[in-house]
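Report on the structure given below.
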Amino acid sequence: MAEDKQIRVTIAGANGRMGQEAVKMVQGDPGLLYVGPIDTRGTDEEVKARFAQLQPDVLVDFTTPQHVYRHLQLALQLGIRPVVGTTGLTAEQIAELTEQYKTAGLGGVIAPNFAIGAILCMKFAAMAAKYMPHVEIIELHHDRKLDAPSGTAIKTAEMIAASRNTLRQGHPDEEESIAGARGADYDGFRIHSVRLPGLVAHQEVLFGATGQTLSIRHDSISRESFMPGVNMAIKAVVNLEQLVYGLEHLLD
Ligand SMILES: NC(=O)C1=CN([C@@H]2O[C@H](COP(=O)(O)OP(=O)(O)OC[C@H]3O[C@@H](n4cnc5c(N)ncnc54)[C@H](OP(=O)(O)O)[C@@H]3O)[C@@H](O)[C@H]2O)C=CC1
Ligand SMILES: O=C(O)C1=N[C@H](C(=O)O)C[C@H](O)C1
């Protein structure tokens, strides 16, 4: 795409918590043109007619786990490059979409977290797990969140699992007297989800070894924290020819 041409951006979920921030960010960048919101709660024909009216280069998605898979399929059919922050896609869906986008040679970004500090938290956690394989993840979010565990916690867990040998942690005879007390199991370690009003988006990765512990913590205290990453993804996706999962793939 020519460097001096504005990138035409539509946003799904434009009235939501993240969508409102994203609209402000896009409208504040002279390199981007906000062409308007897209709402896909209609028939395929109605939605395609709206896309035809908007003519976007990029679809930014901050909606719900229920809709995001269809949005990625629609974007593929229409040749619009998606930048997806919505969480809740399964590993199988991401793998399938990655193949489909590769076949079509279309760029896309799925990023469970756009905050640079969260990406560093994931990378540091993966580094630490190699040397301190006993680990638990605690993610903490506002209580309007629909999915658990968070997309960030799942991505962190995937990166930890890739950098350590599978290890079933805790006492072999441990029992829960209240179901769920030990959290969700991922590759032998545990993920705990906290939901409270007042929180935004937070994650702590705890490691333990003989006589020592290590905590790696990231806090998003406002949704502005995600916007530089969304901006970077919009500008990168127009030059991509495949779907990437994780903002770390766009960082050098
Ligand atoms: N990757 C990242 O860095 C981040 C990702 N997220 C993720 O982003 C997603 C949105 O979070 P958040 O903004 O807090 O949620 P909100 O509930 O505030 O916003 C979701 C919005 O999507 C709208 N919506 C629902 N369905 C459709 C549809 N089919 N087409 C268009 N709009 C639709 C809703 O409209 P209505 O209210 O009318 O139903 C609502 O305005 C979540 O999955 C969350 O996990 C959040 C923060 C950071
Ligand atoms: O719903 C949220 O708010 C967030 N969702 C993302 C996730 O599930 O990881 C990113 C961030 O944690 C905020």
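The backbone N, Cα and C atoms fix where each Cβ goes, glycine too.
For the domain 'Dihydrodipicolinate reductase N-terminal' (7-114), the model gives a mean pLDDT of 97. Residues or ranges marked as domain 'Dihydrodipicolinate reductase N-terminal' in TrEMBL: 7-114.
Residues or ranges marked as NAD(+) binding site in TrEMBL: G13, A14, N15, G16, R17, M18, G85, T86, T87, A111, P112, N113, F114. The C-beta environment of T87 (NAD(+) binding site), restricted to residues of the same chain at least 6 apart in sequence and closer than 8 Å, consists of P65, P112, D147, S150, G151, T152, I154.
DSSP gives R41 (NADP(+) binding site) a coil state; it is part of no helix or strand. The NADP(+) binding site annotation in TrEMBL covers R41.
The annotation domain 'Dihydrodipicolinate reductase C-terminal' is assigned in TrEMBL to 117-251.
According to DSSP, H141 (active site, proton donor/acceptor) is assigned to a strand segment. Take the CB of H141 (active site, proton donor/acceptor) and look out to 10 A: across all protein chains shown you find 22 other CB atoms. TrEMBL lists H141 with the feature active site, proton donor/acceptor.
When Cβ atoms from all protein chains are considered, those within 10 Å of T152 ((S)-2,3,4,5-tetrahydrodipicolinate binding site) total 25, not counting its own. Sequence annotations record features per position, and here TrEMBL assigns (S)-2,3,4,5-tetrahydrodipicolinate binding site to H142, G151, T152.
In the structure as shown, the Cβ atom of K145 (active site, proton donor) sits within 10 Å of 14 other Cβ atoms. The annotation active site, proton donor is assigned in TrEMBL to K145.
In the domain 'Dihydrodipicolinate reductase C-terminal' (117-251), helix, strand and coil residues by DSSP number 47 helix, 38 strand, 50 coil. Summarising the environment of H142 ((S)-2,3,4,5-tetrahydrodipicolinate binding site), the number of other Cβ atoms within 10 Å of its Cβ, over all protein chains shown, is 14. Ligand 2 lies within reach of T87, T152 from the binding-site residues G13, G85, T87, T152, judged by a C-beta closer than 6 angstroms to any of its atoms. Residues H142, G151, T152 make up the record's (S)-2,3,4,5-tetrahydrodipicolinate site, and a Cβ search at 8 Å around their centroid adds T87, P112, N113, E139, H141, K145, D147, S150, A153, A201, Q203 from the same chain.
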